[in-house]
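Here the structure is laid out as C-alpha coordinates; the discussion comes afterwards.
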Amino acid sequence: MIQIPRGTQDILPKDSYKWQFIEDTLIDVCEKYNYQEIRTPIFESTDLFVRAVGDTTDIVNKEMYTFKDKGDRSMTLRPEGTAPVVRSYIENKMYGDPNQPIKVFYNQPMFRYERQQKGRYRQFVQFGVEAIGVEDPLIDVEILSMLMAFYESFGLKDLELHINSIGDFDSRKEYQKALQEHFRPSIDEFCSDCQSRIDSNPMRILDCKKDKNHPLMATAPKITDYLNEESLSYYEKVKSQLDKIGIKYVEDPNLVRGLDYYTHTAFELMSTSDGFGSITTLAGGGRYNGLVEMLDGPKETGIGFALSIERLLLALEAEGIEIKNPHTLDLYVVTIGEEARDYASVLLSRLRKNKLTVDMDYKARGVGAQFRDADRKGATYTIVLGENELETGQVKLKHMATGEEVETSIENLGEAIK
Ligand code: HAM
(Lines of atoms letter the chains of each structure in order from A; the text may use other names.)
(Lines give C-alpha, C1' and ligand atoms only; values in the text may rest on other atoms or scores of the structure.)
Protein backbone atom coordinates (compact mmCIF):
# COMPACT_ATOMS: atom_id res chain seq x y z
CA MET A 1 0.00 0.00 0.00
CA ILE A 2 1.33 3.42 -0.89
CA GLN A 3 1.57 5.59 2.20
CA ILE A 4 1.64 9.33 2.79
CA PRO A 5 5.18 10.80 2.64
CA ARG A 6 6.90 11.14 6.01
CA GLY A 7 6.42 14.53 7.63
CA THR A 8 3.19 15.32 5.79
CA GLN A 9 -0.40 14.91 6.89
CA ASP A 10 -3.88 14.59 5.45
CA ILE A 11 -6.36 17.06 6.84
CA LEU A 12 -9.46 14.90 7.01
CA PRO A 13 -13.05 16.10 6.56
CA LYS A 14 -13.65 15.64 10.29
CA ASP A 15 -10.92 18.19 11.06
CA SER A 16 -10.89 20.59 8.13
CA TYR A 17 -13.38 22.96 9.78
CA LYS A 18 -10.65 23.77 12.33
CA TRP A 19 -8.33 24.90 9.55
CA GLN A 20 -11.06 26.94 7.93
CA PHE A 21 -11.89 28.59 11.25
CA ILE A 22 -8.24 29.42 11.96
CA GLU A 23 -7.66 30.79 8.48
CA ASP A 24 -10.85 32.88 8.57
CA THR A 25 -9.93 34.28 11.99
CA LEU A 26 -6.40 35.20 10.88
CA ILE A 27 -7.70 36.79 7.67
CA ASP A 28 -10.11 38.82 9.79
CA VAL A 29 -7.20 40.22 11.80
CA CYS A 30 -5.37 41.02 8.53
CA GLU A 31 -8.42 42.98 7.38
CA LYS A 32 -8.31 45.07 10.57
CA TYR A 33 -4.66 45.90 9.96
CA ASN A 34 -5.31 46.55 6.27
CA TYR A 35 -3.18 43.73 4.82
CA GLN A 36 -4.17 42.09 1.52
CA GLU A 37 -3.49 38.57 0.36
CA ILE A 38 -0.67 37.62 -2.01
CA ARG A 39 -0.27 34.16 -3.57
CA THR A 40 3.02 33.06 -5.08
CA PRO A 41 4.05 29.82 -6.83
CA ILE A 42 4.81 26.69 -4.87
CA PHE A 43 8.22 26.46 -6.55
CA GLU A 44 10.78 29.11 -7.38
CA SER A 45 14.28 29.25 -8.82
CA THR A 46 16.62 27.65 -6.29
CA ASP A 47 18.84 30.69 -6.47
CA LEU A 48 16.17 32.85 -4.84
CA PHE A 49 16.43 30.97 -1.55
CA VAL A 50 20.19 30.49 -1.72
CA ARG A 51 20.67 34.23 -2.00
CA ALA A 52 17.90 35.39 0.33
CA VAL A 53 17.90 32.81 3.12
CA GLY A 54 21.67 32.33 2.95
CA ASP A 55 23.95 29.51 1.82
CA THR A 56 25.19 28.76 5.34
CA THR A 57 21.74 28.21 6.83
CA ASP A 58 20.25 24.79 7.63
CA ILE A 59 17.29 25.56 5.40
CA VAL A 60 19.45 26.00 2.29
CA ASN A 61 22.12 23.46 3.19
CA LYS A 62 20.01 20.57 4.35
CA GLU A 63 16.31 21.09 4.05
CA MET A 64 15.35 22.20 0.56
CA TYR A 65 13.32 20.11 -1.86
CA THR A 66 15.35 20.95 -4.94
CA PHE A 67 14.92 19.37 -8.35
CA LYS A 68 15.83 19.94 -11.96
CA ASP A 69 12.87 20.61 -14.26
CA LYS A 70 12.75 19.23 -17.80
CA GLY A 71 14.51 22.36 -19.04
CA ASP A 72 17.44 21.57 -16.71
CA ARG A 73 16.67 24.54 -14.44
CA SER A 74 17.15 24.10 -10.71
CA MET A 75 13.85 24.65 -8.89
CA THR A 76 12.96 24.46 -5.20
CA LEU A 77 9.67 23.91 -3.40
CA ARG A 78 9.45 27.07 -1.33
CA PRO A 79 10.75 26.53 2.24
CA GLU A 80 9.52 29.96 3.41
CA GLY A 81 7.43 32.87 2.20
CA THR A 82 9.47 36.05 2.55
CA ALA A 83 11.87 35.56 -0.37
CA PRO A 84 9.06 34.80 -2.85
CA VAL A 85 7.08 37.83 -1.66
CA VAL A 86 10.11 40.08 -2.06
CA ARG A 87 10.79 38.57 -5.50
CA SER A 88 7.21 39.35 -6.49
CA TYR A 89 7.43 42.85 -4.98
CA ILE A 90 10.42 43.60 -7.19
CA GLU A 91 9.18 41.82 -10.31
CA ASN A 92 5.78 43.54 -10.17
CA LYS A 93 7.40 46.90 -9.34
CA MET A 94 5.22 47.25 -6.27
CA TYR A 95 7.70 49.84 -5.01
CA GLY A 96 6.21 52.17 -7.65
CA ASP A 97 2.67 51.69 -6.37
CA PRO A 98 1.39 54.98 -4.90
CA ASN A 99 -0.22 52.99 -2.12
CA GLN A 100 2.68 52.49 0.31
CA PRO A 101 3.85 50.60 2.25
CA ILE A 102 2.93 47.32 0.61
CA LYS A 103 1.17 45.26 3.29
CA VAL A 104 0.47 41.65 2.40
CA PHE A 105 -0.36 38.33 3.98
CA TYR A 106 -0.04 34.77 2.67
CA ASN A 107 -1.41 31.41 3.65
CA GLN A 108 0.54 28.77 1.80
CA PRO A 109 2.24 25.39 2.21
CA MET A 110 6.02 25.39 2.75
CA PHE A 111 8.43 22.50 2.39
CA ARG A 112 11.49 21.64 4.46
CA TYR A 113 13.23 18.29 4.63
CA GLU A 114 13.43 18.17 8.42
CA ARG A 115 13.42 15.35 10.92
CA GLN A 116 9.78 14.76 11.72
CA GLN A 117 8.65 15.35 15.28
CA LYS A 118 5.69 16.92 17.07
CA GLY A 119 5.27 20.39 15.57
CA ARG A 120 7.85 19.83 12.85
CA TYR A 121 6.72 18.64 9.45
CA ARG A 122 8.09 18.45 5.94
CA GLN A 123 5.04 20.17 4.53
CA PHE A 124 3.42 22.78 6.74
CA VAL A 125 1.19 25.79 6.17
CA GLN A 126 2.65 29.18 6.97
CA PHE A 127 0.41 32.12 7.57
CA GLY A 128 2.69 35.12 7.21
CA VAL A 129 2.60 38.87 6.82
CA GLU A 130 5.05 41.31 5.27
CA ALA A 131 5.15 45.14 5.25
CA ILE A 132 7.57 46.32 2.60
CA GLY A 133 8.70 49.82 1.68
CA VAL A 134 9.04 51.48 5.05
CA GLU A 135 11.64 51.71 7.79
CA ASP A 136 9.91 53.05 10.85
CA PRO A 137 9.87 51.54 14.35
CA LEU A 138 6.10 52.10 14.32
CA ILE A 139 5.58 49.58 11.54
CA ASP A 140 7.71 47.08 13.50
CA VAL A 141 5.32 47.67 16.37
CA GLU A 142 2.31 47.21 14.09
CA ILE A 143 3.70 43.85 12.98
CA LEU A 144 4.34 42.74 16.57
CA SER A 145 0.90 43.90 17.61
CA MET A 146 -0.60 41.90 14.75
CA LEU A 147 1.33 38.81 15.84
CA MET A 148 -0.14 39.06 19.33
CA ALA A 149 -3.63 39.82 17.94
CA PHE A 150 -3.46 36.63 15.86
CA TYR A 151 -2.98 34.46 18.93
CA GLU A 152 -5.15 36.44 21.30
CA SER A 153 -8.09 36.23 18.90
CA PHE A 154 -8.26 32.51 19.78
CA GLY A 155 -8.07 33.18 23.52
CA LEU A 156 -4.51 31.80 23.81
CA LYS A 157 -2.76 33.03 26.95
CA ASP A 158 0.41 30.99 27.50
CA LEU A 159 2.49 33.16 25.21
CA GLU A 160 5.90 34.75 25.57
CA LEU A 161 7.18 37.23 23.01
CA HIS A 162 10.98 37.23 22.71
CA ILE A 163 12.58 40.18 20.97
CA ASN A 164 16.09 41.24 20.09
CA SER A 165 17.86 43.61 17.78
CA ILE A 166 20.50 42.16 15.53
CA GLY A 167 21.45 45.64 14.39
CA ASP A 168 22.43 46.96 11.02
CA PHE A 169 25.23 45.59 8.83
CA ASP A 170 27.87 47.81 10.46
CA SER A 171 26.98 46.72 13.98
CA ARG A 172 27.02 43.13 12.81
CA LYS A 173 30.55 43.33 11.40
CA GLU A 174 32.01 44.13 14.83
CA TYR A 175 29.85 41.50 16.44
CA GLN A 176 30.89 38.78 13.97
CA LYS A 177 34.52 39.52 14.83
CA ALA A 178 33.80 39.23 18.55
CA LEU A 179 32.03 35.90 18.00
CA GLN A 180 34.97 34.54 16.01
CA GLU A 181 37.37 35.48 18.81
CA HIS A 182 35.08 33.86 21.36
CA PHE A 183 34.53 30.54 19.58
CA ARG A 184 37.75 30.03 17.58
CA PRO A 185 40.01 28.72 20.38
CA SER A 186 37.55 25.88 21.11
CA ILE A 187 35.95 25.42 17.72
CA ASP A 188 37.19 21.77 17.59
CA GLU A 189 34.58 20.96 20.25
CA PHE A 190 31.77 22.04 17.94
CA CYS A 191 30.01 20.22 15.10
CA SER A 192 31.36 20.30 11.57
CA ASP A 193 28.72 22.85 10.51
CA CYS A 194 29.83 25.25 13.22
CA GLN A 195 33.45 24.69 12.25
CA SER A 196 32.77 25.79 8.72
CA ARG A 197 30.51 28.66 9.83
CA ILE A 198 33.11 30.26 12.09
CA ASP A 199 34.59 31.97 9.04
CA SER A 200 31.61 32.33 6.75
CA ASN A 201 28.87 33.25 9.21
CA PRO A 202 29.71 33.00 12.93
CA MET A 203 26.23 34.18 14.02
CA ARG A 204 24.83 30.90 12.70
CA ILE A 205 26.75 29.07 15.49
CA LEU A 206 24.34 30.65 18.01
CA ASP A 207 21.46 29.02 16.17
CA CYS A 208 23.02 25.51 16.04
CA LYS A 209 20.63 22.78 17.15
CA LYS A 210 23.44 20.30 17.96
CA ASP A 211 25.70 22.51 20.07
CA LYS A 212 23.08 24.59 21.82
CA ASN A 213 24.17 23.34 25.27
CA HIS A 214 27.92 23.94 24.85
CA PRO A 215 29.07 26.18 27.75
CA LEU A 216 30.54 28.73 25.33
CA MET A 217 27.04 29.45 24.01
CA ALA A 218 25.90 30.98 27.30
CA THR A 219 29.01 33.15 27.61
CA ALA A 220 29.07 34.29 23.99
CA PRO A 221 29.18 38.04 23.34
CA LYS A 222 25.74 39.63 23.03
CA ILE A 223 24.78 41.53 19.89
CA THR A 224 23.15 44.22 22.02
CA ASP A 225 26.62 45.21 23.27
CA TYR A 226 27.71 45.86 19.68
CA LEU A 227 24.81 47.89 18.37
CA ASN A 228 25.79 51.27 16.98
CA GLU A 229 23.88 54.36 17.99
CA GLU A 230 21.40 54.18 15.14
CA SER A 231 20.57 50.53 15.74
CA LEU A 232 20.28 51.10 19.45
CA SER A 233 17.90 54.04 19.11
CA TYR A 234 15.76 52.10 16.63
CA TYR A 235 15.51 49.22 19.11
CA GLU A 236 14.75 51.57 22.02
CA LYS A 237 11.92 53.20 20.08
CA VAL A 238 10.39 49.81 19.22
CA LYS A 239 10.51 48.75 22.88
CA SER A 240 9.13 52.01 24.30
CA GLN A 241 6.25 51.94 21.83
CA LEU A 242 5.49 48.30 22.73
CA ASP A 243 5.37 49.41 26.37
CA LYS A 244 2.94 52.19 25.49
CA ILE A 245 0.47 49.88 23.81
CA GLY A 246 0.86 47.25 26.52
CA ILE A 247 2.56 44.45 24.62
CA LYS A 248 4.69 42.41 27.02
CA TYR A 249 8.01 41.02 25.79
CA VAL A 250 11.18 39.37 27.00
CA GLU A 251 14.50 40.67 25.70
CA ASP A 252 16.49 37.74 24.38
CA PRO A 253 20.00 38.77 23.32
CA ASN A 254 20.73 35.28 21.96
CA LEU A 255 17.88 35.35 19.46
CA VAL A 256 19.49 35.44 16.01
CA ARG A 257 16.90 33.55 13.88
CA GLY A 258 17.69 30.81 11.40
CA LEU A 259 17.65 32.88 8.21
CA ASP A 260 20.30 35.33 7.08
CA TYR A 261 18.25 38.27 5.86
CA TYR A 262 17.41 39.81 9.23
CA THR A 263 18.56 43.21 10.52
CA HIS A 264 17.40 45.23 13.55
CA THR A 265 14.20 43.86 15.10
CA ALA A 266 14.05 40.05 15.37
CA PHE A 267 11.45 38.14 17.36
CA GLU A 268 9.89 34.81 18.17
CA LEU A 269 6.68 33.95 19.95
CA MET A 270 6.91 31.01 22.34
CA SER A 271 4.24 28.86 23.90
CA THR A 272 4.76 28.43 27.65
CA SER A 273 1.99 25.85 27.88
CA ASP A 274 3.01 22.60 29.64
CA GLY A 275 1.40 20.38 27.04
CA PHE A 276 3.06 22.00 24.05
CA GLY A 277 6.08 19.74 23.66
CA SER A 278 9.73 20.44 23.07
CA ILE A 279 9.48 22.80 20.11
CA THR A 280 8.06 25.89 21.71
CA THR A 281 8.34 28.44 18.89
CA LEU A 282 4.93 29.35 17.53
CA ALA A 283 6.02 32.09 15.14
CA GLY A 284 9.09 34.02 14.11
CA GLY A 285 10.05 37.04 12.10
CA GLY A 286 11.93 40.29 11.89
CA ARG A 287 13.09 43.21 9.83
CA TYR A 288 15.05 42.67 6.62
CA ASN A 289 16.70 45.87 5.48
CA GLY A 290 19.08 44.50 2.87
CA LEU A 291 16.93 41.83 1.28
CA VAL A 292 15.16 43.82 -1.45
CA GLU A 293 18.47 45.20 -2.69
CA MET A 294 20.15 41.81 -2.42
CA LEU A 295 17.53 40.46 -4.82
CA ASP A 296 18.33 43.30 -7.26
CA GLY A 297 15.46 45.53 -6.17
CA PRO A 298 15.54 49.16 -5.02
CA LYS A 299 16.76 50.33 -1.62
CA GLU A 300 13.56 49.43 0.22
CA THR A 301 13.21 47.62 3.52
CA GLY A 302 10.61 45.35 5.06
CA ILE A 303 9.49 43.45 8.12
CA GLY A 304 7.23 40.46 8.68
CA PHE A 305 6.68 37.16 10.40
CA ALA A 306 5.18 33.76 9.80
CA LEU A 307 3.51 31.13 11.93
CA SER A 308 2.50 27.64 11.07
CA ILE A 309 -1.11 26.64 11.44
CA GLU A 310 0.04 23.19 12.61
CA ARG A 311 1.76 24.71 15.67
CA LEU A 312 -1.16 27.06 16.30
CA LEU A 313 -3.42 23.99 16.46
CA LEU A 314 -1.00 22.37 18.93
CA ALA A 315 -1.11 25.50 21.09
CA LEU A 316 -4.93 25.45 21.11
CA GLU A 317 -4.86 21.80 22.10
CA ALA A 318 -2.27 22.44 24.83
CA GLU A 319 -4.43 25.21 26.34
CA GLY A 320 -7.60 23.15 26.02
CA ILE A 321 -9.27 25.58 23.61
CA GLU A 322 -11.79 23.80 21.42
CA ILE A 323 -12.95 24.94 18.02
CA LYS A 324 -16.62 24.16 17.54
CA ASN A 325 -17.66 22.63 14.26
CA PRO A 326 -19.85 25.33 12.70
CA HIS A 327 -21.31 22.90 10.16
CA THR A 328 -25.07 22.38 10.38
CA LEU A 329 -27.42 20.26 8.30
CA ASP A 330 -30.82 21.94 8.14
CA LEU A 331 -32.79 19.07 6.69
CA TYR A 332 -32.43 15.37 5.91
CA VAL A 333 -35.06 13.96 3.58
CA VAL A 334 -36.00 10.37 4.39
CA THR A 335 -37.46 8.63 1.35
CA ILE A 336 -39.60 5.55 0.80
CA GLY A 337 -39.50 4.14 -2.71
CA GLU A 338 -38.00 5.03 -6.05
CA GLU A 339 -40.47 7.76 -6.93
CA ALA A 340 -39.89 9.57 -3.63
CA ARG A 341 -36.13 9.42 -4.16
CA ASP A 342 -36.45 11.02 -7.58
CA TYR A 343 -38.73 13.69 -6.16
CA ALA A 344 -36.35 14.31 -3.23
CA SER A 345 -33.45 14.99 -5.54
CA VAL A 346 -35.47 17.75 -7.26
CA LEU A 347 -36.66 19.09 -3.90
CA LEU A 348 -33.10 19.26 -2.56
CA SER A 349 -31.91 21.27 -5.51
CA ARG A 350 -34.74 23.76 -4.94
CA LEU A 351 -34.01 24.05 -1.20
CA ARG A 352 -30.29 24.56 -1.82
CA LYS A 353 -31.10 27.49 -4.10
CA ASN A 354 -33.03 28.77 -1.10
CA LYS A 355 -29.71 28.74 0.86
CA LEU A 356 -30.51 25.71 3.00
CA THR A 357 -28.10 22.86 3.77
CA VAL A 358 -29.92 19.68 2.90
CA ASP A 359 -29.11 16.03 2.26
CA MET A 360 -30.77 12.68 1.56
CA ASP A 361 -29.94 8.99 1.43
CA TYR A 362 -28.13 7.76 -1.68
CA LYS A 363 -27.64 4.18 -0.57
CA ALA A 364 -31.26 3.04 -0.72
CA ARG A 365 -31.40 2.31 3.00
CA GLY A 366 -34.49 1.43 5.02
CA VAL A 367 -36.36 4.14 6.92
CA GLY A 368 -34.78 3.30 10.30
CA ALA A 369 -31.27 3.36 8.84
CA GLN A 370 -32.02 6.69 7.15
CA PHE A 371 -33.08 8.22 10.49
CA ARG A 372 -29.88 6.93 12.06
CA ASP A 373 -27.94 8.46 9.18
CA ALA A 374 -29.75 11.79 9.69
CA ASP A 375 -28.81 11.66 13.37
CA ARG A 376 -25.16 10.89 12.62
CA LYS A 377 -25.03 13.76 10.17
CA GLY A 378 -26.47 16.10 12.82
CA ALA A 379 -29.61 17.04 10.89
CA THR A 380 -31.76 19.66 12.62
CA TYR A 381 -34.95 18.58 10.82
CA THR A 382 -36.15 15.56 8.87
CA ILE A 383 -39.14 14.87 6.68
CA VAL A 384 -40.38 11.53 5.37
CA LEU A 385 -41.33 11.42 1.71
CA GLY A 386 -43.47 8.44 0.69
CA GLU A 387 -46.40 7.72 -1.60
CA ASN A 388 -48.83 9.51 0.71
CA GLU A 389 -46.77 12.71 0.98
CA LEU A 390 -46.29 12.86 -2.78
CA GLU A 391 -50.03 12.53 -3.26
CA THR A 392 -51.12 15.16 -0.69
CA GLY A 393 -48.17 17.52 -1.06
CA GLN A 394 -48.03 17.72 2.78
CA VAL A 395 -45.13 16.60 5.01
CA LYS A 396 -44.36 16.45 8.72
CA LEU A 397 -41.29 18.52 9.56
CA LYS A 398 -39.68 16.83 12.54
CA HIS A 399 -37.28 18.63 14.86
CA MET A 400 -34.75 15.93 15.66
CA ALA A 401 -33.65 17.15 19.09
CA THR A 402 -37.16 17.60 20.56
CA GLY A 403 -39.13 15.19 18.40
CA GLU A 404 -41.69 17.96 17.78
CA GLU A 405 -43.52 17.75 14.45
CA VAL A 406 -45.14 20.48 12.37
CA GLU A 407 -47.24 19.82 9.30
CA THR A 408 -46.40 21.91 6.25
CA SER A 409 -46.87 21.82 2.49
CA ILE A 410 -43.83 20.77 0.46
CA GLU A 411 -44.27 24.07 -1.35
CA ASN A 412 -43.63 25.97 1.92
CA LEU A 413 -40.96 23.67 3.31
CA GLY A 414 -38.08 26.16 2.92
CA GLU A 415 -39.99 28.88 4.74
CA ALA A 416 -41.12 26.48 7.46
CA ILE A 417 -37.49 25.49 8.16
CA LYS A 418 -36.33 29.07 8.25
P1 HAM B 1 10.91 30.60 10.33
O2 HAM B 1 11.27 30.90 11.74
O3 HAM B 1 11.81 29.72 9.56
O4 HAM B 1 10.77 32.00 9.59
O5 HAM B 1 9.46 29.98 10.27
C6 HAM B 1 8.36 30.68 10.82
C7 HAM B 1 7.40 29.72 11.49
O8 HAM B 1 7.05 28.66 10.61
C9 HAM B 1 7.96 29.01 12.71
O10 HAM B 1 7.92 29.81 13.84
C11 HAM B 1 7.02 27.83 12.81
O12 HAM B 1 5.76 28.24 13.36
C13 HAM B 1 6.77 27.51 11.37
N14 HAM B 1 7.64 26.40 10.94
C15 HAM B 1 8.90 26.44 10.46
N16 HAM B 1 9.34 25.21 10.14
C17 HAM B 1 8.32 24.36 10.42
C18 HAM B 1 8.14 22.96 10.30
N19 HAM B 1 9.08 22.17 9.79
N20 HAM B 1 6.95 22.42 10.69
C21 HAM B 1 5.97 23.20 11.19
N22 HAM B 1 6.08 24.53 11.32
C23 HAM B 1 7.24 25.12 10.95
C24 HAM B 1 10.41 32.16 8.29
O25 HAM B 1 10.06 31.29 7.56
C26 HAM B 1 10.41 33.62 7.86
N27 HAM B 1 10.09 33.67 6.43
C28 HAM B 1 9.43 34.43 8.68
C29 HAM B 1 9.40 35.87 8.26
C30 HAM B 1 8.47 36.49 7.54
N31 HAM B 1 10.36 36.75 8.52
C32 HAM B 1 10.03 37.90 7.97
N33 HAM B 1 8.90 37.76 7.36
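Cβ atoms are placed via backbone N, Cα and C, with glycine included.
Because the structure is a prediction, the values reported are computed rather than measured.
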Checklist entry - Looking at TrEMBL, E80, G81, T82, Q126, E130, R257, Y261, Y262 are annotated for L-histidine. Which of R73, R112, R115, R184 sits in that same site? => result R112
Checklist entry - So what sits near R257 (L-histidine binding site) in its own chain, CB-to-CB under 8 Å and at least six residues off in sequence? => result I166, D207, A266, E268, G284, G286
Item to check | In three-state DSSP terms, the structure that T82 (L-histidine binding site) belongs to | outcome: helix
Next on the checklist: Neighbour count first, Cβ atoms within 10 Å, every protein chain included; then name which of T82, Q126 tops the list of binding-site residues.
Outcome noted: T82
Next on the checklist: Cβ neighbours within 10 Å, counted over all protein chains: which one of the binding-site residues E80, Y262 has the most?
Outcome noted: Y262
Checklist outcome for this item: Checking the binding-site residues E80, T82, Y262 against ligand 1, those whose Cβ falls under 6 Å of one of its atoms come out as E80, T82
Item to check | Assigned conformation of Q126 (L-histidine binding site) - DSSP reduced to three states | outcome: strand
